[in-house]
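Report on the following structure.
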Amino acid sequence: MAEPLLALHGLRKRFGGLAVTDDVSLDVMPGEIHAIIGPNGAGKTTLINEISGVLPVDAGRILFAGQDITRLPLHRRARRGLARSFQITSIIPDFTALENAALAVQAGDGTSFRFFRPAGSERRLNEAALAALDSVGLAHRAATPAGAMSHGEKRQLELAIALATQPRLLLLDEPLAGAGPEETERLVSLLRGLRGRYTIVLVEHDMQAVFALADRISVLVYGRLIATGGPDAIRHNTEVRAAYLGEDDLPLAGAPC
Amino acid sequence: MRELGRILGRELPALLLLGGLAAAPFIGFGEGYMLTLLARMMILAMAAVSLSFIVAGAGLVSLGHAATLGFGAYAVVILDDLQVVDALFVLPAAILAAAGFALVTGAVAIRTSGVNFIMITLAFGQMAFFTASSLSGYGGDDGYTLYARTEVNGARLLDDRLVFHFVCLGALVLTWLLCRMLLASRFGRVLRAVRGNPMRAQALGFSPYPYRLTAYVIAGALGGAAGFLFANATEFVAPAYISWQRSGELLFMVILGGLSGLHGALLGAIGFVLLEEWLSHQWEHWRIAFGVLLILAVLFLPGGLSGIPAQLGRMLRRG
């Protein structure tokens, strides 16, 4: 069996008396889409924040490509190929869509301590940025200021920014949050197009999308992982069913994809 | 060609202002008093542009920028006392002194943000002020009168008022071009990204600290050059040059002009000095009216002086 790209070993995090991450261990294999689901307040975003380096963990280890990154700050993890999107859209509003993506390309293109040439006319950056925009269907909006885009477009741009860094691992925190039905459809088919090319950790509330996209699913309840497995195994897991009792959004057998 | 037209269009306000300053001595503002005022205006504009570079470009709202001018000016004073009066030595010393001050204080201040950053830069500025006040060898509170203006390679070039006018203008243009170039570069793009969304910039792999500190030191160096010119313009240096009021005035010029681009700082500095000059001739208690006008400007001109055309456009469209 191949080495996992990302391995979490016994992660723990407390906010006061509340254990938000409670002994979480998890492997993410290269090339898979690994979804993390759970009821509200299960600690999904916290887990993404711990993996990406926004929040420090109290205990446990995070291995990325076999190396311990537990103590590395956010920007150092990004340099190693960990890209993330945010639940609340995180773009640079006064930049155009193209400049947002170009900044991401620039991050992986040597030093940014370059003072003379106008970055806006660097063809190499712009071409790669445009390709990233194109891959999410935003090429025609390249010159639009990001702050003036629609919510759905901002979600697409957020994805383009993450892709433009050419990451080894994509951490997507609710990429569909707040998107309308049409936008959701577009984003899901976009994510499906990434399958096999990227390793993705996906946190998402839209269960239809999760079960359509994920190779494996981990279920988080009150900071604890209660199950990990393929979509079918999770769908029929009694503990998972119990955790979602009273919520209608866990699709039962044969959910439409 | 169209690209060139676009750039000219965007930079038109700045080019008009700079062109006006270049033409001023030949269109009736050539006598001594006017040239003194213009020199003061251009030097403050240079300081304001360098401050705007870190405020608008990097989101670093410094309330201690006058201290960098002070370091530049006191470098001139101390070397004057040692009878080192050639710009070849004095100017680099002024720039290095101010950049060094910015490096040491910035290394601490940039670890904070928001109000804390403002307070720390203010505190460092006041430390510089009280240090200057206690330099009894250089006049203490009373200040120090230079023996003469700095020489340029042995020649007393700066004594000629018209030459000095164009030296100040040249320095202002260079400052403007340099800051503009930096903001458009890869370095500047990261700075602007960090200001716009620090979390996003970090998640892309950029640590804000080295970029911000570099920008802070560059602004400090430019402040030092402005201080060098200030000392030469007045041939006198006093701690009052460093006081927090002066830092506040510089910040006010930047905000008055508007934060949308560097030309805002140019416009703000020129508008500020003109208004101050005009009002002080009208009324003994002019500072009261000055304060009221500045408050009104902030309330009713959200984009500053440089935002007026766009604001008028919006009002006309609304009818």
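Cβ coordinates are placed from backbone N, Cα and C, and glycine is handled just like the others.
What TrEMBL says about this protein:
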- B:12-30: transmembrane segment (TRANSMEM)
- B:42-67: transmembrane segment (TRANSMEM)
- B:87-110: transmembrane segment (TRANSMEM)
- B:117-138: transmembrane segment (TRANSMEM)
- B:162-183: transmembrane segment (TRANSMEM)
- B:209-230: transmembrane segment (TRANSMEM)
- B:250-275: transmembrane segment (TRANSMEM)
- B:287-308: transmembrane segment (TRANSMEM)
Result, the transmembrane segment (B:250-275) in contact with the transmembrane segment (B:42-67) (3+ CB pairs under 8 Å): yes
Residue numbers, six or more beyond the limits of the transmembrane segment (B:209-230), whose CB comes under 8 Å of its CB atoms: 39, 43-44, 46-47, 49-51, 53-54, 57-58, 60, 62, 65-76, 90-91, 94-99, 101-103, 106-107, 109-111, 150, 167-168, 171, 175, 178-179, 182, 187, 190-191, 194, 237, 241
Contact yes or no, the transmembrane segment (B:12-30) and the transmembrane segment (B:117-138), 3+ Cβ pairs under 8 Å, gap 6+: no
